[in-house]
Amino acid sequence: MFAKNLLFRFPKCIRINGYNNMRRSLLQRNGFQAGICRKFGTATKTDVWKGRFLPIVSGVAAASLTAGYLLGKNTSNASSSQDNDHPVVGEHVHTETQSYNEPYMQRHRIEDAIEKKMTSETQPSTDEKGRKVSATENSAPKKTDKEKSSGETAGNILREQIATGKDDDEYARKFEEVEEESSEESAFNPDTGEINWDCPCLGGMAHGPCGEEFKAAFSCFVYSKSEPKGMECLDKFQAMQACFQKHPEIYQDMVGESEEEDAETNEKPSTTSDENNQPQSPPSDNASNPEEDVMNMEKEIVNLTPMSVIKEI
């Protein structure tokens, strides 16, 4: 009966596996619970779920992933647009710090610019220094030469006028031309009546070893009111000339001119014995000697006095 029930219950397994397999499965107690057919197996709930619901679940998962990707992409685009309109978290801290430090940074930038400008102004380049020095060296001799040439020209004109005794428009025109060419500073101020002893036109003669003698003779001639002018200053000019002769290394030009004039005045034609025997001329003929002394003194004054001072006097 028991065997009959087995055959009725498992007819398919007997036909497939044979009698030996049925016998072996009967000997195993767990065969009734786990199922006798191990090769093909029997339909269970797991197999049914896998066969029916697995494709559905896979489709739902794929759809959810696709939807999540699209939703995340839209969310990222929206957040990027919001970032452009609104600062990110912590940006306000950076902005406040920058606005706090900006005045100090601006002050430092201004100080650096001022310091750089002052350095460039106080320290000119080497080329500029060289150009300034060369311009100064070149301009000084030109001015000195011009003053010397104008003084010599004025002296020559006045000496010629004194020698010839003429006073016409020609000499006035020459004086005007010399005055235009001369740019030397005036030593005598007629408004205040003072003499500038530091004037370059005096050639530094007021400060040399014979400066006191020169000042005495020059001031006497300037303030003289006698006719002819400077008649009372003859002794002072002679003292000045004697001082010049004591220092020939400094006043070589002045001593040379005075010696030439003395030699010219001392040269006189030799007289014959007949002339020596002749009686001397009356005293009235020798009355011209003081005038000759005055002429010589005026020539000496002209040689020592600049043109600008002579014209003002």
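Cβ atoms here come from the backbone N, Cα and C positions, even for glycine.
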From the list C13, C37, C243, Swiss-Prot names as the disulphide partner of C210 the residue C243
Quick test of your reading of Swiss-Prot: among 63-73, 195-205, 294-304, where does it put transmembrane segment?
63-73
Rounded to an integer, what is the Cα-Cα distance in Å between C201 (disulfide bond) and C210 (disulfide bond)?
17
Between C243 (disulfide bond) and C233 (disulfide bond), the C-alpha gap once rounded to whole angstrom:
16
Given the disulfide-bonded residues C210, C243, which one is most crowded in terms of C-beta atoms within 10 angstroms?
C210
Looking only at the motif 'Cx9C motif 1' (210-220), what are its DSSP counts of helix, strand and coil residues?
10 helix, 0 strand, 1 coil
So, in DSSP terms, is C233 (disulfide bond) helix, strand, or coil?
helix
